There are 2 protein chains.
Amino acid sequence: MPEALEQDYTLQQLQQVTLALNSGQFVQVRRILAETAPCDTALLLESSPHKVRTQLWKLVDPDIQGDVLEELSEDVRLGIIAKMKPELIAAATEDMDDDDLGEVLRSLPDTVYHDVVSSMDTQDRERATQALSYQERSAGALMNSDTVTIRADVSLDVVLRYLRLRGDLPDGTDDLYVVDKDNCFIGALPLSTLLTNPPDHLVQALMDEDKESIPISMDETEVAQLFERHNWISAAVVDDNNHLLGRITIDDIVDVIREDAEHSLLSMAGLDDEEDTFAPVLKSSRRRSIWLGINLLTALLAAFVASFFENTLDILPVLAVLNGIVPSMGGVAGSQTLTLVIRGIALGHINQTNQRFILGKELAIGALNGLLWSLLIAGVVALWKWDFTLGAVIAFAMFMNLLAAGIAGASIPLILKRMKIDPALAGSVVLTTVTDIVGIFAFLGTATWFLT
Amino acid sequence: MPEALEQDYTLQQLQQVTLALNSGQFVQVRRILAETAPCDTALLLESSPHKVRTQLWKLVDPDIQGDVLEELSEDVRLGIIAKMKPELIAAATEDMDDDDLGEVLRSLPDTVYHDVVSSMDTQDRERATQALSYQERSAGALMNSDTVTIRADVSLDVVLRYLRLRGDLPDGTDDLYVVDKDNCFIGALPLSTLLTNPPDHLVQALMDEDKESIPISMDETEVAQLFERHNWISAAVVDDNNHLLGRITIDDIVDVIREDAEHSLLSMAGLDDEEDTFAPVLKSSRRRSIWLGINLLTALLAAFVASFFENTLDILPVLAVLNGIVPSMGGVAGSQTLTLVIRGIALGHINQTNQRFILGKELAIGALNGLLWSLLIAGVVALWKWDFTLGAVIAFAMFMNLLAAGIAGASIPLILKRMKIDPALAGSVVLTTVTDIVGIFAFLGTATWFLT
């Protein structure tokens, strides 16, 4: 990985700030922070241990605290807000986008929430109620109400004069939305169309009537897939009766895409989606220990299975030495399949029509790799322990377990999905249990049969 | 996961197409494909087993093949191109964006490449040479040359008239770029500024001179971080002398963000970044077997370590039954830390200033969780096997291994990164080796000392 220019810049800032903080030069830190863009301050906070973070936050100018909060990742933001006074939270949320406002308010404990809302002015309070009325992880929760709407029966010239009067366009505006008198969405007029056509043309002749709008209740992952497939920059959000409610912009979609992609990575290791690398030790330990507890149960289960073969192990201690190999290979092969299938489901590539193909394919790969590695392990063990029957036994167990790994890796996420359980979260623990138990049974069972 | 409307729609199409293909109704398939948007056809191809994919591709109208190719993921695209005739590839790339053109050409074998280029007209051939001159994974390779440039000393009215004459704006244009007579980049004029200000104002009074431009050689991951932090929709790309060369748009950045986020997930399971879920069995087996081979080596190493204790295992077969528990817990705890640190590095959160904090934190978590689970396993084993010394032995081994897992999980990716080795690819195999060997040594070693 080449060292990045920009990262070096942030790194220098971070070193400067850390140095100044450590030597108590708070004025210096305040000066550096005042010169830093909100997005860079957010990165600085995210890259700081939680104690430094608390100190730093106090030195951020209250006027830009709202901007910085908007840029922070969820977990870090909540950590900071938990320590802020209600009035300050209310002040910081004043200029926030609706979706960020909703997210912040949703995260507050009930008592704090009431204090924050009662510190708001009437307009903000209404905005807050509105933002909270949409379901989490839905298009509504991603939406902002800052649309620019026009009528279909006016000329481009009228639109141009209206925009000049308006004086400003919301960030990320690439389309104006065309609505009828009931505020129903009937099409989009791209700014590029507005700019490249004669001013006397009418909106209705030029607007894009095929531009899809997004239902308010659509799941955010699906909204992101639409944006990604159609290369949208923004899209209109409508209610069931096609009334225009707001719009979603690509910057929020980028967050959804990143979160969804990271979800599988973090869940498969038993971590929270928004796990903060610099959270306090106790908080992190507690979160992770649940996963360790579940794993201990499966490890005990595997030990329990092995205990059926204690007599065999007593006669042939060499089996104890080799007993880890087959489950380990099954675990790796299974998690390869599992990872691919979980990703295929997340991308919308795997569905009813091709499930059977996937199962067949992974079974075939399991058989092929099983053949290859069982021959190899047979050779290694036969030569190492000078025991050809032992070589044949471990080869058979390896083959069976790689087959089982292929079937389990492909079917477990599909079954979990049908049961409405998140495959990324539960998949690997179920898989390891299968490959461990099949591996131990196949190896120690066959050995008991042939070698004792 | 709620079933998605849109996915259902694609699913229906897929079922229709599959049904029609299976019954040989090619005319029907051609009709469905002709009505499908290129982005949806791409999804259809990506969701099809490789044989169906080849059949389907032949039924896609050659006129839109280029559009579909642009939308496909890399691995699937290369699979399709490998089977196309050079003239057809040349025809399909005609309307492609520069960055996609470069990607396609880079993937071709030398002989095919020459055939493709010689089927192109002069203009396309020049574009191809240009696109290939930039380094892969750099800003240059992401860039398109379709910028709209204006001068600083003209009025907005002149710009408006120029755009109407031009008649069209490239997709994703949110800024016009202001250049001097030497084509040096001096600022950006957002379309929103152009639309909301009086036409008699001059560009130089309104343009954004602080808008950063991207050096042509910047790494794509870093470009993506800039886009994400600043919520950009497009950005200008310049050479070392600040000459404007082109621009990068958010839709290509979204791909980079997704690929980068998936890179860790797939690499940690030993899979290729662009691994195609529906690739032929042989291709997939070959790719995955490398990882299985490396894992077999580490499993054999662990068996070799265990073989030092064969005498102990001979005397106490119960150790063989319990021997899997400690390495398993170490592996899970270590991979939690590893995953977090790899993600922290990828997001630019972990750097020299906070490495020591991370190490200390993960060590503390290891100690805390070590204490918790060693007490628990001591109790379980003591009661199960009615042997308190054995309980103490496994508790000690568990504690030591969870400490080792914390240290290894945090330090391995940092060390690998300094050695310029991708931590996501090599991290988990090194980690498992450490936690397996420490786990076996700690458990069987302590048992040999105290129990025999």
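Glycine is no exception: its Cβ is also placed from the backbone N, Cα and C atoms.
Just so it is clear, the model here is predicted, and its values are computed rather than measured.
TrEMBL lists B:207-265 with the feature domain 'CBS'.
Per TrEMBL, the feature transmembrane segment maps to B:290-309 (among others). For the transmembrane segment (B:290-309), the list of distant contacts is 269-271, 319, 323, 327, 429, 432-433, 436-437, 440-441, 444-445, 447-448: same-chain residues at least six beyond its ends, Cβ to Cβ under 8 Å.
Per TrEMBL, the feature transmembrane segment maps to B:315-342 (among others). Within the same chain, residues 264, 268, 302, 306, 309, 350, 358, 362, 365-366, 369, 373, 377, 381, 385, 387, 390, 394, 397-398, 401-402, 404-406, 408-410, 412-414, 423-424, 427-428, 431-432, 434-436, 438-440, 442-444, 447, 451-452 sit at least 6 positions outside the transmembrane segment (B:315-342) and bring their C-beta atoms closer than 8 Å to a C-beta of that stretch.
Residues or ranges marked as transmembrane segment by TrEMBL: B:363-384 (among others). Counting same-chain residues at least six beyond the ends of the transmembrane segment (B:363-384), those with a Cβ under 8 angstroms from any Cβ of the stretch are 322, 325, 329, 333, 337, 390-392, 394-396, 398-407, 410.
Per TrEMBL, the feature transmembrane segment maps to B:390-416 (among others).
Nonlocal intrachain contacts for the transmembrane segment (B:428-451), taken as residues 6+ away from its ends with a CB within less than 8 angstroms of a stretch CB, comprise 268, 270, 291, 294-295, 298-299, 301-302, 305-306, 308-309, 312-313, 316, 319, 322-323, 326-331, 333-335, 338, 389-390, 392-394, 396-397, 400-401, 404-405, 408-409, 412, 416. Look at TrEMBL and you will find B:428-451 (among others) tagged as transmembrane segment.
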Other parts of the chain folded back onto the transmembrane segment (B:390-416), taken as Cβ under 8 Å at six or more residues beyond its ends: 318, 322, 325-327, 329-331, 333-338, 341-342, 345, 350, 355, 358-359, 361-367, 369-371, 373-375, 377-382, 422-423, 426-427, 430-431, 434-435, 438-439, 442-443, 446-447, 450-451
Secondary structure content, the domain 'CBS' (B:207-265) (per DSSP, counts of residues): 27 helix, 16 strand, 16 coil
